[in-house]
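Notes for the one structure printed next.
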Amino acid sequence: MGPALERGRLAAGLLVNLAASICIVFLNKWLYVRMGFPNLTLTLVHFAVTWLGLYVCQALGIFSPKSLRPRQVLPLALSFCGFVVFTNLSLQNNTIGTYQLAKAMTTPVIVLIQSVAYGKTFPARIKLTLIPITLGVFLNSYYDVKFNFLGMVFASLGVLVTSLYQVWVGAKQHELQVNSMQLLYYQAPMSCGMLLCVVPFFEPVFGDGGIFGPWTLSAVFMVLLSGIIAFMVNLSIYWIIGNTSPVTYNMFGHFKFCITLMGGYLLFKDPLSINQGLGITCTLFGILAYTHFKLSEQEGGKSKLVQRP
């Protein structure tokens, strides 16, 4: 029952992340389009609610905080702020297609970082699955690709910092011997403080469009709801990466992108071209191939352990 229970827990974590991630995409889209709520400010609210949620969890005895020195968590907090700032600037200066195309490069960069910096090796068949993933997202985005030099600089920095962040999330949990809640408990308020210093340079604080602007009660409620869902997303991200790998999470992220794209088509009647349909199929093929190879690799490892005298 051990392996079955472990697979059930992993499946539950993935489903929670899938549902929360899709909900927050549509909720944030509504806040941006209908309410004009600023991006970085909403992220700041997300991390403040995440820290508050973790504080409540530890107060209820769900987990016990582990004493960590700030410098141990500082690289993770800085990389989070960097990837939020650069990906938002990429979205601001690029079209959606270019933004999404750049995000697809995160998986190859993660593989490169883990290979060079951590000496991790990936079988050739695992590396080959990156081809249909990248090609699939490229087909989804190709119709809207318009290059902008400044936007591409931001996109490139966003990909690099995002990749470092995802790798460090897994590495720090193992290095510091902490679980997802213990690490996020320290990282969330530190990142929140850093974003608090950054927000005034990019977005208004008072007046229309600022966090202290004349928002309606319904807007405040939706922002807080978005923060609660973000807490679930952040916690499940840490848990998934800590129990699998950054590459697995990134592959799962592409799957969520496909589901979100199809959800936009079904719920909001967004146009879906033939190229986008081919891209979804190609991406899903890559994800299924990756999953099959990883499961085969794990089963092979277990067989070797059983046969060892």
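Yeah, the Cβs are placed from backbone N, Cα and C, and that goes for glycine too.
Feature list (source: TrEMBL):
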DOMAIN    19-290  domain 'Sugar phosphate transporter'
TRANSMEM  12-32  transmembrane segment
TRANSMEM  44-61  transmembrane segment
TRANSMEM  73-91  transmembrane segment
TRANSMEM  149-171  transmembrane segment
TRANSMEM  183-202  transmembrane segment
TRANSMEM  214-240  transmembrane segment
TRANSMEM  247-268  transmembrane segment
Among 44-61, 73-91, 183-202, 214-240, which stretch has the highest count of C-beta pairs below 8 Å with the transmembrane segment (149-171)? 73-91
State the residues, same chain only, that lie 6 or more residues beyond the ends of the transmembrane segment (44-61) and have a CB under 8 A from a CB inside it; answer 'none' if no residue qualifies. 181, 184-185, 188-189, 191-192, 195-196, 199, 211, 223-224, 226-228, 230-231, 234-235
